[in-house]
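J.: Please read through the structure below; I'll follow up with questions.
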Amino acid sequence: MSKIVVALSGGVDSSVTAFILKYQQNHEVIAVFMRNWDSFANNDILGNEDINQDICPQEKDWEDAKKIASQLNIPIYRVDFVKEYYDEVFTYLIEEYRQGRTPNPDIFCNKYIKFGKFIEYVEKNFNPDFIATGHYAKVENSLLYRAKDRNKDQSYFLSQLSSDQLKKIIFPLKDLTKDVIRKIAAENNLVTAQKKDSTGICFIGERNFDKFLQNYIPNMPGNIVDIETNEVVGQHVGVMYYTLGQRKINLSGMKYPYYVAGHDLKNKILYVASIHSKNYLKSDKLEAIEFNLINKNFNKKNLTAKFRYRQEDIKIEILNIDKNKIEISYPDEFEAVTPGQHVVIYDGESCVGGGIINKTYYKGNLNQFH
């Protein structure tokens, strides 16, 4: 029997994780709930439909976590990382949007909070044999692998974790599908059995994103320009509200639909192109920074990558790795590979590592407006 601390979020996945560890594997289980966002302290007003509710979603999750702990007869503790989350994850998110990039906060939330500050707190206060979460992934010998349920696999979001962070982590849901997890919860009358999965920004939740950003970044209006003709075809309130390839641009009176082809942040220009024009979204090579190498013994001939979550794997070749910078090529080409997002590399089921997409190229030329 081992002493295991479970990150209990108040959702069905972490609830079943705790149930499996205690009642199927007979471990000593301690639950810890993290509170990482405070809508009032963080000025989360615009775009927040929950702001006037009697109980905010974070407190509702805490109530559900306490109910699960009571059902399972395990102790539960609460820890507050609101300041740490704001300083180490949220300020990065806002600055990336301010720079016209499209960040992935969930990956840094995992690196710095769920598997950073949380592990530090748990080690100091409980000294467990292992730490468990309800993520869909596998860890073997401090290496990261995909989960059995490819549709729910979260190794993409865990790609910035170090081997040191992974060494005491276990994922009890690694070989289970979501249907099986909900069945286990229902058969054992767990109060979270039918609870909706959390979506939106890590620990913040669903928001009207344009309004949400206005809480933190002032509008920066500028021209919408046809990238082929250089003609001004409209106005925007800020390039941060648009992402590469986006088609919802609200241009009226146009003969054909347009998509976002890029931007010039300095001159506040949003470039668009007609769907009948040349494809301005393609790339066949990228540079990524802050690359985190998890598996050093990978097979160079068997590599694939994802440029966004749930994307089908695409074959790639590593051209160069220099400290924490990597260059890769993908001869089959790909559309809308977006700076600020993460590229995550796989060798079969093994997650080799991941980094932040910094630049993209097409046929030897830099995509200067991506």
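Any Cβ shown, glycine's included, is placed from N, Cα and C.
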J.: Please state which member of Gly116, Gly134, Gly222 Swiss-Prot lists alongside Ala7, Leu8, Ser9, Gly10, Gly11, Val12, Asp13, Ser14, Met34 for binding ATP.
T.: Gly134
J.: Using the residues the record lists for ATP (Ala7, Leu8, Ser9, Gly10, Gly11, Val12, Asp13, Ser14, Met34, Gly134), what whole-number Å value is the largest Cα to Cα distance?
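T.: Site span for ATP, by Cα atoms: 16 Å.
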J.: For Ala7 (ATP binding site), name the DSSP secondary structure in the helix/strand/coil scheme.
T.: strand
J.: Enter the number of other CB atoms within 10 angstroms of the CB of Cys109 (active site, nucleophile).
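T.: If we count other Cβ atoms within 10 Å of Cys109 (active site, nucleophile), we arrive at 24.
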J.: Roughly how many Å lie between the Cα atoms of Asp13 (ATP binding site) and Cys109 (active site, nucleophile), rounded to a whole value?
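T.: About 18 Å separates the two Cα atoms.
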J.: Would you kindly give the Cα-Cα distance separating Cys109 (active site, nucleophile) and Met34 (ATP binding site), rounded to the nearest Å?
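T.: Between the Cα atoms of Met34 (ATP binding site) and Cys109 (active site, nucleophile), the distance comes to 12 Å.
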